Amino acid sequence: MADGSCLGSGPQLGLIALLVVLLFSAVPLAQSRELRFVTLVYRHGDRSPVHGYPTDVHKESVWPQGYGQLTQVGMKQHWDLGQELRARYKGFLNESYNRHEIYVRSTDVDRTLMSAEANLAGLYPPEGPQIFNPNITWQPIPIHTIPESEDQLLKFPISPCPAYVKLQEETRQSAEYINMTTTYKAFLQMVANKTGLSDCTLESVWSVYDTLFCEKTHNFSLPTWATADVLSKLNKLKDFSFVFLFGVHERVKKARLQGGVLVDQILKNMTAAANNASNGLKLLAYSAHDSTLGALQLALDVYNGKQAPYASCHIFELYKEDSGNFTVQMYFRNESGKTPYPVSLPGCAHACPLQDFQSLLQPILAQDWEEECQTTSFIMTEETIIGLTIGAIALFIIIVVLMLLSCNEPKDDGYQHVSDEGDDHETKGLAM
């Protein structure tokens with residue numbers, strides 16, 4: 001009886017196997033793309049209110065460290081983010097801390113500095129020789145900062161910038177701003193009356209929401225006027241205040257003076273990494289504020305209109321593709337425990353070629369920030385101040401010398417008496 005198998009005999013199987021091997025060897029296997037550089041921009045964790053309001057029964061003393069300080073909840077949020085980053089970049093970053101691979105910069109504010117510390121504790125728990133005390137699963141890792149008054153990279157809005165101030169004045173005359181002011185005029189007045197604030201505007205009301213939000217989060221009682229409807233309106237106005245800062249009117253012009261400054265630095269860092277000029281640096285982290293993320297995302301035109309939550313993180317990943325070209329992928333992590341969601345630059349795919357990424361962002365990059373900000377008429381450099389001081393001293397010396405010379409010259413009497421007898425008139429001489 002004939003065998004019904006279609007596999008054939010042994011020699012035939014060997015021939016088929018050989019053909020399969022030859023076929024796959026002729027088609028090169030795709031190489032995996034390589035992650036080359038990562039930039040993180042994250043907001044600090046949960047904090048106490050930045051300000052109170054006059055009628056608030058919960059004064060600053062109820063917060064263990066006072067206003068604007070990171071809480072234990074915020075510390076845990078950033079430790080969690082550090083753990084998530086450790087898992088995400090396993091195989092890219094060294095398992096243990098390597099100072100050549102990572103650089104962290106923070107604004108010079110307690111809550112951002114402490115958030116960076118908590119983040120690094122989660123990212124790099126000490127291992128082996130890095131353990132200096134077996135009872136402490138932590139190691140010191142440097143965080144760099146500069147004074148707030150000098151920070152023109154992470155502290156927004158950047159000032160002084162007269163051109164930006166002018167744009168904000170124009171924004172207040174925009175239809176959207178006027179409409180919001182008209183719509184919420186009575187509401188803002190009610191909030192002012194209830195809080196005891198003398199001035200409550202679209203630009204300042206965010207602080208009222210912030211205080212109530214922090215108190216609610218930490219289980220403090222809220223005033224009876226702070227109903228769900230009131231909180232909802234305050235939340236909406238708070239979100240508008242962020243858009244007002246960097247959008248609403250002339251978004252691109254504002255970006256050139258604000259968020260574009262940070263974008264420009266991020267692009268320079270990625271370009272250096274693509275050109276193997278980053279000296280082994282793999283990850284650069286910026287610890288900052290919701291206003292930093294707002295300025296950044298509105299400059300990129302990817303802002304979702306909502307205030308960035310605590311410990312949220314905007315991620316830039318630079319990849320080297322099989323072709324040798326580089327691409328940039330962005331992600332936004334805005335919820336703990338959730339995978340960061342992809343963010344695409346308008347006009348480009350999610351994996352955006354680096355050259356296209358740079359080209360699309362050129363309109364928001366200032367060629368000469370000080371000139372565009374018109375700071376030359378506003379800020380005097382140290383050299384200018386020294387020059388003016390020397391000039392003033394020289395002028396003073398010249399005036400003193402001239403006065404002394406004038407005093408030493410012979411003087412004519414201002415009045416002369418006529419000695420004619422019988423004439424008692426005093427004749428006044430001319431003072432020449």
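Cβ atoms here come from the backbone N, Cα and C positions, even for glycine.
Residues or ranges marked as signal peptide in Swiss-Prot (evidence: sequence analysis): 1-32. Annotated topological domain 'Lumenal' per Swiss-Prot: 33-384, in sequence order, evidence recorded as sequence analysis. Taken from Swiss-Prot, the feature active site, nucleophile covers H44. The N-linked glycosylation site feature in Swiss-Prot is assigned to N94, N135, N179, N193, N269, N325, N334. Residues or ranges marked as disulfide bond in Swiss-Prot: C161-C373, C214-C313, C348-C352. Here Swiss-Prot flags D290 as active site, proton donor, drawing on similarity to another entry. Here Swiss-Prot flags 385-405 as transmembrane segment, drawing on sequence analysis. Feature annotation from Swiss-Prot assigns topological domain 'Cytoplasmic' to 406-432; the stated evidence is sequence analysis.
Within the group of glycosylation sites (N94, N135, N179, N193, N334), the Cβ with the highest number of other Cβ atoms inside 10 Å belongs to N334. Ranked by how many other Cβ atoms sit within 10 Å of their Cβ, the disulfide-bonded residues C161, C313, C352, C373 place C352 at the bottom. With respect to Cβ neighbours within 10 Å, the disulfide-bonded residues C214, C348 differ, and C348 shows the lowest count. With N94 (N-linked glycosylation site) as the anchor, the candidate recorded positions are N135, C161, N179, C348, C352, and the one with the nearest CA is N135. Between the alpha carbons (Cα) of N334 (N-linked glycosylation site) and C313 (disulfide bond) lies a span of roughly 7 Å. N325 (N-linked glycosylation site) and C348 (disulfide bond) are 15 Å apart (CA-CA, integer value). Distance from the CA of C352 (disulfide bond) to the CA of N325 (N-linked glycosylation site) is 11 Å. In the three-state DSSP reading, C313 (disulfide bond) counts as strand.
Secondary structure at N325 (N-linked glycosylation site), taken from DSSP and collapsed to helix, strand or coil, is coil.
Counting in whole angstrom, N135 (N-linked glycosylation site) lies 33 from C214 (disulfide bond) by their C-alpha atoms. Counting every protein chain shown, the number of other Cβ atoms lying within 10 Å of the Cβ of N325 (N-linked glycosylation site) is 12. Taking CA atoms as the reference points, D290 (active site, proton donor) and C373 (disulfide bond) are 23 Å apart. For N269 (N-linked glycosylation site), the spatially nearest entry among the recorded positions H44, N179, C352, C373 is C352, judged by CA separation.
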